[in-house]
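To start, the structure itself, in structure tokens.
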Amino acid sequence: MADKRDYYEVLGVPKDADDAAIKKAYRQLAKKYHPDMNPGDKEAEIKFKEASEAYAVLSDAEKRRQYDQFGHAAFEGGAGGAGAGGFDFDFGDMGDIFGDLFGGMFGGGGSRRNSNGPRRGADVRVNVRITFDESVRGTTKKIDVTLKDECSSCHGTGAKPGTSPETCSKCGGRGQVTFTQQSFLGMVRSQQPCPDCHGTGKIIKEKCPDCYGTGYISSKKTIEVNIPAGIDNGQCVRIQGKGEPGVNGGPRGDLLVAVIISASTEFERDGYNIFSNVVISYPTAVLGGEIKVKTVDGEVLYEVKPGTASGTRVRLKGKGMPSVRNAAQRGDHYITLIVDIPTKLNQEQKDALMAYEKALTGNERHGKKKGLFGK
């Protein structure tokens, strides 16, 4: 056992790696070294077996505990079992992994799924565009969406009226077929959807002429969607039970309406906070004064402090977007005050500025005073 590599080293994970990290590492190695991906490559086959052996131990809590305590010696007894290292492989979890990677070749996970039982219908996703103002106040939109409904002629069976689907003879109505095959890891028991009935367990000899054997009829429907105030760009409104119909008596899926918000020319949004720029005159910046500020709720008055510098940011508490979960809770509105420096002056204005310049002391003229109104 001295030449056997450390299992953590084989998978490239630290000794304190959690189950998710171990599984992720094994998936990557399994995909890289699987013999079907490397036909005739003996080295790849060896590495694949090595990774599979390591995963079989480290993915099992009890085996991992024994390995952490005794190393490879924990499995020296009883060598020659079905799996490498003297213990049996449990292909339940590996079947899920291989099924994800190689289309169900190894099965195992399928044994835990009843493909012929009730299944929830698929969700349907559509987009709806609204204005920025509508996102602030909430709105109602009507959207057209194509949905499937049970065929009224065959009542969802897919069979011609007066006939019924027959039980699939290949799978006995189970929707899955089971087979055992010899692999480089030993005998592997696999399950796959039945190729004859495609996992339904039923065979339709005479198809319904209205739905062509699908059991469903597609039609366009108009659905009213209530979009709450405060919704953000890309968020979805979920309408339960308005998606695709379920299978074998399962519930319908949901309709997911993704909201696309047109950009505002005046405001920017970050979460529930609103940002905008407000231009103020040079005299207002120097002397202070009341200005009007446009918010998502309309204009409000704000008192500019004397000596305000350009770029000063001001917070208007509670003037931002409403919370989509509680309209009474709101974000804030942050305004950045931009001082407008005039570039074209008439003679009277120039004379006034020249008089102001002459009235400044030496320190003020060279910018050494702390403030315009400091003493």
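Cβ from N, Cα, C; glycine included.
Feature list (source: Swiss-Prot):
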- CYS151, CYS154, CYS208, CYS211: Zn(2+) 1 binding site (BINDING)
- CYS168, CYS171, CYS194, CYS197: Zn(2+) 2 binding site (BINDING)
- 6-71: domain 'J' (DOMAIN)
- 151-158: repeat 'CXXCXGXG motif' (REPEAT)
- 168-175: repeat 'CXXCXGXG motif' (REPEAT)
- 194-201: repeat 'CXXCXGXG motif' (REPEAT)
- 208-215: repeat 'CXXCXGXG motif' (REPEAT)
- 138-220: zinc finger (ZN_FING)
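Feature map: Swiss-Prot annotations on the structure.
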{"residue": "CYS151", "record": "Zn(2+) 1 binding site", "Cβ neighbours (10 Å)": "20"}
{"residue": "CYS154", "record": "Zn(2+) 1 binding site", "Cβ neighbours (10 Å)": "26"}
{"residue": "CYS168", "record": "Zn(2+) 2 binding site", "Cβ neighbours (10 Å)": "21"}
{"residue": "CYS171", "record": "Zn(2+) 2 binding site", "Cβ neighbours (10 Å)": "22"}
{"residue": "CYS194", "record": "Zn(2+) 2 binding site", "Cβ neighbours (10 Å)": "22"}
{"residue": "CYS197", "record": "Zn(2+) 2 binding site", "Cβ neighbours (10 Å)": "25"}
{"residue": "CYS208", "record": "Zn(2+) 1 binding site", "Cβ neighbours (10 Å)": "22"}
{"residue": "CYS211", "record": "Zn(2+) 1 binding site", "Cβ neighbours (10 Å)": "22"}
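Other than the site residues CYS168, CYS171, CYS194, CYS197, same-chain residues with C-beta atoms no more than 8 angstroms from the centre of those residues' C-beta atoms, the Zn(2+) 2 site, are SER169, LYS170, GLY172, GLY173, ARG174, GLY175, GLN176, VAL177, PRO195, ASP196, HIS198, GLY199, THR200, GLY201, LYS202, ILE203.
Apart from the site residues CYS151, CYS154, CYS208, CYS211, the chain places the Cβ of SER152, SER153, HIS155, GLY156, THR157, GLY158, ALA159, LYS207, PRO209, ASP210, TYR212, GLY213, THR214, GLY215, TYR216, ILE217 no farther than 8 Å from the centroid of the site's Cβ atoms, the recorded Zn(2+) 1 location.
For CYS154 (Zn(2+) 1 binding site) paired with CYS197 (Zn(2+) 2 binding site), the C-alpha to C-alpha distance reads 18 Å. Each residue contributes its Cα atom, and for CYS197 (Zn(2+) 2 binding site) and CYS208 (Zn(2+) 1 binding site) these two points are 16 Å apart. For CYS208 (Zn(2+) 1 binding site), the nearest of the binding-site residues CYS168, CYS171, CYS194 in terms of C-alpha separation is CYS168. Note: the Cα of CYS168 (Zn(2+) 2 binding site) and the Cα of CYS151 (Zn(2+) 1 binding site) are spaced 22 Å from each other. This prediction places the mean pLDDT of the zinc finger (138-220) at 86. Annotated pair CYS211 (Zn(2+) 1 binding site) and CYS194 (Zn(2+) 2 binding site), C-alpha to C-alpha distance, rounded: 23 Å.
When secondary structure is read from DSSP and collapsed to three states, CYS194 (Zn(2+) 2 binding site) falls in the coil class. Taking DSSP states H, G and I as helix and E and B as strand, the repeat 'CXXCXGXG motif' (151-158) has 0 helix, 0 strand, 8 coil. In this structure, the C-alpha atom of CYS194 (Zn(2+) 2 binding site) lies 25 angstrom from that of CYS151 (Zn(2+) 1 binding site). Helix, strand and coil content of the zinc finger (138-220), in residues and according to DSSP, is 0 helix, 39 strand, 44 coil.
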